[in-house]
Every structure is written in structure tokens, then in C-alpha cells.
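Colleague: I'd like to ask some things about the structure below.
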Amino acid sequence: MREAAGGGVLLACALLLALLVRRIACEHNDTQLQLQDELFTYNSKDSLSNFTEFTRNYGYYTEEHVVITKDGYILFLFRIPKGKNCNGSVKEPPILLMHGLLMSADSWLDAGPSSGLAFLLADACYDTWVGNMRGNYYGRRHVNLDPDTDSEFWDFNTEEMGVYDLPATIDYVLEHTDSNDIMYVGFSQGCRILFTMASETSGYVEKIRIAINVAPAVRVKYTRSISIRLLTQFYALVSPILKKPRQLEVLQKGGLIQTATAFVCKDYNLASTVCQAILAIIDSYDPGSVTTDTIRTLFGHFPAGTSAYTLAFYGQGSISKKFQKYDYGLKKNLQLYGSVVPPLYNLKKSTMPIVLIYGNNDFLVDPRDVRWLSNQLPNVLERYEVSRSTWNHLDNNYSQFSKQLIFPKINQYLSKYSSSGNIS
């Protein structure tokens, strides 16, 4: 019921924006970059494919691995050991990509071989590992708990992802590559869990040679996103009504919202209007950046599911304006933290070399929050603003311009810090 109500609000907003999107799209003439849609032509199989099938559709070989965390969650991990267009030797160490909120490993593929970062990095001869966090459809298994019948399965937020999931994934990659460290590329929530891990665990900062953080969703004090505001309302709504709002699955793949949007967005005309408007509601509008064919593909994989607890945590963050632990209320805070207020995560512990990449039109992660984050971290190599003035949050995964606008910067640092690079 809650999912249906939320979906109704989203669809209503999307319909209102659809006409505006269509009008702006018709009038917009992007002189900065010109790409043709035929670079990635829609294939109906892609939206229905899992990670391995998607890569196989374009001639890439993928390995499937399984990670088991210390608290029993089972996570699928994918590896593209070498891109089909890699003509040299594979660089070391391996790289690990980590997705954003309500996403999965598939998000790194959805823009197709010409723009999807997993494809681009594999073709640049990196040993590319693509991870998943608990709660999405690749992380919906447990050694003891049944996600459909055991509410305890959903008792997690990004804290557990940073304390259990990411360390287990890193250790698995290192063990299976005989490497001492990895290079990390995180998007949005993938950055948040990295800094959580650095704050709350020991020994893992040393296992990261360099961390590239794309649109880091750490503090969201200045967020302008309608979706984050809805999360704030969601948190305010469920907290007093439900005893344990954190023990619920929300926005799952195969649920009402995902199934409906996937069906609607297969249609070209609806994808270019209604579904484009949905993306604008989630983030902001960047005319011509995400092709209609990519939109038709991505909604087959998004939203990918998480816990209500995780969404509530983001809602709390938009209220507190801080990067802090979950607020359970006075009594439980005292029991868990020894304080009536949740403690802050310690960003000073993130001593690995860090690159921050962000867009000026990102309504989810405002540039002011990225600048704040940069000032808190002890080892920032560069804070890079994407040159396209309309570049937003979701562009980092789905834009047809990724190869020109963010891949060169990512590749610059990965190449520099790889075994073939020259760190000076």
C-alpha cells in the first residue's frame, strides 16, 4: 500500500513534468557535445538481462562470484577480467565499482558499451570487479534468513554496508587476485559506505590504493532533490506509526513500482516524456544527456530495492544536515552510543588518496556539500567539477557523454596509480 501510494505521487509529478520535458527537449540544441543515439541502440533483451547476460549481449566475458559477509548476507559480485577492446596487458591492481542507492551492478552497464563505465574501464584494460550491497536483487539472500518471511533480514542501513559488505567484498577481490590493494570507484551511496568503512573498521584504508568518489552522497545538507524531500516525509510518516520501520523491503525489483515503470518505459514515446520526467523528479533535468534508449533499458533494473531503514537514514540526514550514525531516539542512543545524540562518522580516518567528481546541476548531492566533504578529508588529490553546466547526479551512470566528460578523469588517476603508472 505504501509503495503504491508513493508510486502514485511520483507518477502524477512525472505526468505534469512530461509536457515540459518534451517542450524543452524539442527546443534544446546542445552545441557543447554532439553524439548520435545509434551509439547505443535499444535492445529489449538488455532491460530484462542480468549483469552477465547484458555483458554477453555485447561480446564481453563476465565471471560471477559470491561473497558472504560476517553477518551472513550473500552478495553477487561480477568480474570483467578484460574488455573485448583491450589490446594490451591487464593493469594492476584490480578496480572495484560500487553502485548508488536503489541501484545494482547493472547501473554501470545501462548506458551501453559506448558509455557504461564498467564497459569503458574493462576496455581500458582494467581488471574490473562490480559489487552489490545487501538489499538489492543481487544481495537478497542470507545463510539463515529468508527475505520474504524474516523481517530481521531488512534490519540494516548503510552502516552495515560499510562495516560488513564492503570489507567482505574487498577481501574477496584481494584473495582471488593475489593483490595487496584495490582501486575503488564509488558512486553516490558507494562513496558513503566507503567513508563509513574507513571510520568504523580498521585495516581497510591501507587496502585502497586510490578512491575515486563520483557524486559522493555523504552529507546532504543542501540537497535540492524532490526525491530526498520525499524521503524526509517518508521518515516522518513511518517513524511514529511503525515500531520497526527499518525492517521492511521497499522499491524492490519486481515490485509494483519497478514493474510498472519498466513496462511503461519500454515505449519510446513514453520513455522520452514520462520516464524522462521521472528522472528529473529524482534528480534534475539535463536535456539530451541520457538517451531515450538508455532510459528504456535502465528502468528494467531500477529501482533495485533496499530496506526502509536505509531510506529512513537518508531522510534523517536531510534533517540533521550531518554525516552521523542512525538516530534511534534518546533511550536507544544512550544504550548504543553512550550519548543522547548519534556520533559523527570520522572522515579524518579516510587517509587514502581521494578524487572527488561532481556536477554543478546535481540536485541530490549539492556542490556545496562536496566542497564541505573535500575540506573534511585529509588526502584529496583533486575536486573535479564536470565541465557540462547541466551535469546532474544520474548523468554519472547513464549519460551518453560519460566517455568524454568523466571517464578521462577517472582513467587519468586509475592509470597513474596502476602498476603501469607513475605516481609523483
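Placement of Cβ uses the backbone N, Cα and C atoms for every residue, glycine included.
Pasting the feature list from TrEMBL:
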type: ACT_SITE; residues: Ser188; note: active site, nucleophile
type: ACT_SITE; residues: Asp362; note: active site, charge relay system
type: ACT_SITE; residues: His393; note: active site, charge relay system
type: DOMAIN; residues: 52-109; note: domain 'Partial AB-hydrolase lipase'
type: SIGNAL; residues: 1-26; note: signal peptide
Colleague: Whole-number answer please: how many Å between the C-alpha atoms of Asp362 (active site, charge relay system) and His393 (active site, charge relay system)?
Modeller: 5
Colleague: Sequence gap of 6 or more, Cβ distance under 8 Å: name the residues on the same chain that satisfy this around Ser188 (active site, nucleophile), in order along the sequence.
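Modeller: Those within reach of Ser188 (active site, nucleophile), by Cβ under 8 Å and sequence separation of 6 or more, are His99, Gly100, Leu101, Met103, Val214, Ala215, Pro216, Ala217, Leu364, Val365, His393, Asn396.
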Colleague: Starting from the Cβ of His393 (active site, charge relay system), draw a 10 Å sphere and report how many other Cβ atoms land inside it.
Modeller: 29
Colleague: Mind tallying the domain 'Partial AB-hydrolase lipase' (52-109) by DSSP state, helix then strand then coil?
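Modeller: Its residues fall into 10 helix, 22 strand, 26 coil.
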